[in-house]
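Peer 1: Quick one: the structure is below, questions incoming.
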Amino acid sequence: MAKKPVTPASKVAAKQAAVRSRHQEDVFTLDPLIDPIFQKGELRSYLVTEPSPSVLKKRSIHTKEYWMLSSLLLIAFYVRMYNLSNPNSVVFDEVHFGGFARKYILGTFFMDVHPPLAKMLFGAVGAIGGFKGDFEFKSIGDKFPDSTPYIFMRQFPALLGVGTVILCYLTLRQSGVRPIIAYITTFLLIIENSNVTISRYILLDSPLIFFIAAAIYAWKKFEIQIPFTFGWYRSLLATGIALGLALSSKWVGLFTVAWVGFLCIYQLWFLIGDLSVSTKKIWGHFFARGIILLGVPIALYLGFFAIHFQLLNKEGDGGAFMSSAFRAGLQGNKIPRDITEQVGLGSVVTIRHVDTQGGYLHSHEHFYQTGSKQQQITLYPHLDSNNKWLIEPYNGTIHNETFVPLINGMKIRLKHINTGRRLHSHDEKPPVSERDWQKECSCYGYDGFAGDANDDWVVEIVNYRSQKGEAQTFVKAINTIFRLRHAMTGHYLFSSEVKLPEWGFGQQEVTSASQGKRALTHWYIETNENSILPPSEAKIINYPKLSLWQKVVESHKRMWKINQGLTSHHHWQSSPSEWPLLLRGINYWNKEHKQVYLLGNAVTWWAATLSIITFGTYVLVTVFRWHLGTPLSTNKHVFNFNVQTFSYVLGWALHYLPFFIMGRQLFLHHYLPALYFGILALGHFFEIFTGYLTSRSKYFQQVAFVLVGLFSILSLVFYVNYSSLIYGTPWTKASCELTKPFSGWDYNCGTFFDTLGEYDIQEKSLASESEIPTETVVVEAKQTPKAEPKLAKQDDHIESPAAAEPVEEKEVKEEVEQLAPPLAVDFEEETPKVEDPQVADVDASSNDEKSVEEKQQQEQQQEQEQVEDESVHQVQQ
């Protein structure tokens, strides 16, 4: 039989038909997997690790998939952008991160527990939107003025939330999931309530999860590239960049870096066992991954901190957490300048503690209520005349003829300028600390008293912390770190974070100690005046300019300290053990009979948790059977399921389990990065369930797809039923009560009206109120007090608040509470306004006596009013 001639037209038609067939197969029945290749070795078979070129082709996005991606994009855009203008007031941590964006625009320095990138991005978006920093984001429920582009600022995290959705789909495709399953799983992420909520407000979670999702996608793309090709290096570099962005947004990004690191080790182990890979290539893998995956994130992290310091170049409330050397580089600082370097007998100095931010060695005309009941010695954070001490010889008077420098090993006395008493220690129990190795320090003496041996202190220079050279022999202002050893007891002048009670005005306790952290006995001289030293011989110095690395190190010490201090109870905090089961939510906003409450989509949430538990059980059973001699399956579907699901479960564990060892306040939103890994793992369970496990029967596969579809519908129903808590839209009490199966879901149904019609009445009432003309007063923008440490109580000689410097630091526990998430207001009540810290705590020690007099006057007035009331009552009778 003669063959029909093949014409060019028939070739084109056949090619087009093949393309059409391939595209249809790609979308609906495409198998993105290939069989793993095993080769025989001398002792056992080994896995060939180099990906086949066909894998990249099978898992690339095909033409018809763009329609699927477009639909996901539109749905995600609508879900996350819907009604962003509501609420039109501050929600939850917008208090902090909106306030931080404001400070980037104003350039005022602040301190936060998170790296700067996400906050800088919000600041940049605000600046692009025309925000001038005239709104403070002071309290939850504060209404945004027209001048604040809060909708524009909220659009940024919403867009990143949309981007996370697209990355989820692409990641699942790169890890071997069919398009239809990737579509369904991504749809679950779109309608996951907690992810929708956090992507609608000025919060760090949406940027963080987006960067983590980008790192996961880039890594999965990297895994299927042929080693040392352009695509391989490009994907590896993209992974490093995404890791750097995540790490620079929140320290949770460290867990993502650890995840990639573990997978690198895991893959290198198989590379070593692959006999087809040369030793040279193994070293190439090691160095390429190490340099790019560590070097790029570190470079980005430091670079963003450099930009952070450049932008925040003005003195602000955050300076109170930093050292004087750091603050000296900020514009508008009041750190002492032009200091005489040479310190000697007769110098009037201020002595600053090194390793706490308690401030200066200080005394005042107030006395301990325990122990010796002598004059108090404290650390005080303000510049103040009560910080000044005269350096005296221990055994005589000061000779005004010649300057005697202060040197290592010299015995001296320190005389308090304002009260004339000397720094003193003895065998008395400290006022607060109860350790037996600490003794009381006081100020002791009186007119005409020459002092005693308990006033004697020996100067010991700490060479390794002092500037090299003369500062290691002679005590130099700023440049010499020293200890003061009590000559009689051998104890060292010591201070920690312990605070004195109210009678000590909350100032930091100073004791002498024979043990404890050595660094807590380190001091330096900040200001120095000496009339004996000829002006021509005086060397004038200032704080040296800190390098970027020094600023980064100091900032991280403060960030870590503040983070560790977030230990006080918060009403909406929760335990990590509660997160996988979604036992607790967070009240974000509550006003005008509406509420925003962070709650996950329980259907998706519990399914992700179940998939994690199921995979863990499956691994244990498989390993047990393998030990009994059952070989591991090399079926391509099972093999890919094992490898990919293991990587996602590992990511879930690394982003979840570390929270169990953290002592700080924790909240449900801390679980969201782990949840993202759980959803990716859930997608692979859908894949194995609708594919391999039901592949023997088309009917069973159809049933499997129906079950997955019903699961998606159930998740959608949950999203719709609880959407009022996402968007802060009207709801009724009755509808709300039907949605509370657990006591931990403690959103307040009493917030809502009984009927939806009441909201229309409320809207009309609010609209009529807004039409009433009001005078707008433009005031100078203030620094948000939410990040400010409270002022320590000030001494009675200060005449006005303006005379006091901003406090360096309050007790860590109290300071960091200012950085903790605020409580959402209930109903229409406003959160109490924070008093101006420059006014609230002024002159507390002198006000104690005044407060007693005022109290007595109030009591007398109340008694007089009571008498008058009784008289009136008798007349009426």
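Just so it is clear, glycine is given a Cβ too, placed from its N, Cα and C backbone atoms.
As listed in Swiss-Prot for this protein:
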- 783-799: compositional bias 'Basic and acidic residues' (COMPBIAS)
- 807-816: compositional bias 'Basic and acidic residues' (COMPBIAS)
- 847-857: compositional bias 'Basic and acidic residues' (COMPBIAS)
- 403-462: domain 'MIR 2' (DOMAIN)
- ASN83: N-linked glycosylation site (CARBOHYD)
- ASN195: N-linked glycosylation site (CARBOHYD)
- ASN395: N-linked glycosylation site (CARBOHYD)
- ASN400: N-linked glycosylation site (CARBOHYD)
- ASN721: N-linked glycosylation site (CARBOHYD)
- 109-129: transmembrane segment (TRANSMEM)
- 150-170: transmembrane segment (TRANSMEM)
- 196-216: transmembrane segment (TRANSMEM)
- 226-246: transmembrane segment (TRANSMEM)
- 252-272: transmembrane segment (TRANSMEM)
- 291-311: transmembrane segment (TRANSMEM)
- 604-624: transmembrane segment (TRANSMEM)
- 643-663: transmembrane segment (TRANSMEM)
- 666-686: transmembrane segment (TRANSMEM)
- 700-720: transmembrane segment (TRANSMEM)
Peer 1: The transmembrane segment (604-624) vs the transmembrane segment (643-663): three or more C-beta pairs under 8 Å (separation of 6 or more)?
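Peer 2: Answer yes: the transmembrane segment (604-624) meets the transmembrane segment (643-663) with 3 or more Cβ pairs below 8 Å.
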Peer 1: With Cβ-Cβ distances below 8 Å as the criterion, list the same-chain residues six or more beyond the ends of the transmembrane segment (643-663) that contact it, or say none.
Peer 2: 175-176, 216, 252, 255-256, 258-259, 262-263, 564, 567, 576-577, 579-580, 612, 615-616, 619, 670-671, 673-674, 677-678, 680-681, 684-685
Peer 1: Restricting to the glycosylation sites ASN195, ASN395, ASN400, ASN721, which ones have a CA within 10 Å of the CA of ASN83 (N-linked glycosylation site)?
Peer 2: none
Peer 1: Can you give me the Cα-Cα distance between ASN400 (N-linked glycosylation site) and ASN195 (N-linked glycosylation site) in Å, rounded to a whole number?
Peer 2: 73
Peer 1: What Cα-Cα separation, expressed in whole Å, is found between ASN395 (N-linked glycosylation site) and ASN195 (N-linked glycosylation site)?
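Peer 2: About 72 Å separate the Cα atoms of these two residues.
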Peer 1: Which residue counts does DSSP yield for the domain 'MIR 2' (403-462) in the helix, strand and coil classes, in that order?
Peer 2: 3 helix, 24 strand, 33 coil
Peer 1: Is the number of Cβ-Cβ pairs under 8 Å between the transmembrane segment (252-272) and the transmembrane segment (109-129) three or more, considering only pairs separated by 6 or more positions?
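Peer 2: Judged by the Cβ rule, the two regions do not touch, with the required three close pairs absent.
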Peer 1: Hey, would you say the transmembrane segment (109-129) packs against the transmembrane segment (666-686), going by three or more CB pairs under 8 A that are 6+ residues apart?
Peer 2: no
Peer 1: Starting from the Cβ of ASN721 (N-linked glycosylation site), draw a 10 Å sphere and report how many other Cβ atoms land inside it.
Peer 2: 13
Peer 1: Around ASN400 (N-linked glycosylation site), how many other CB atoms lie within 10 A of its CB?
Peer 2: 9
Peer 1: For ASN395 (N-linked glycosylation site), what is the tally of other C-beta atoms lying within 10 angstroms of its C-beta?
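Peer 2: The answer is 10.
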Peer 1: Just the number: how many Å between the Cα atoms of ASN721 (N-linked glycosylation site) and ASN195 (N-linked glycosylation site)?
Peer 2: 16
Peer 1: Need a quick answer: max count of Cβ pairs under 8 Å to the transmembrane segment (196-216), which of 150-170, 226-246, 291-311, 666-686 is it?
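Peer 2: Most contacts with the transmembrane segment (196-216): 150-170.
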Peer 1: Mind checking which residues of the chain, 6+ beyond the ends of the transmembrane segment (150-170), have their Cβ under 8 Å from one of its Cβ atoms?
Peer 2: 61, 68-69, 72-73, 76-77, 80-81, 84-85, 88, 98, 101, 121-122, 125-126, 128-129, 131, 144, 182-183, 185-186, 189-190, 195-196, 198-203, 205-207, 209-210, 213-214, 216-217, 676, 679-680
Peer 1: When DSSP states are folded down to helix, strand and coil, where does ASN395 (N-linked glycosylation site) land?
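Peer 2: Note: ASN395 (N-linked glycosylation site) is coil by DSSP, not helix or strand.
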Peer 1: Of all the glycosylation sites given, ASN83, ASN195, which residue's CB has the most CB neighbours within 10 A?
Peer 2: ASN195
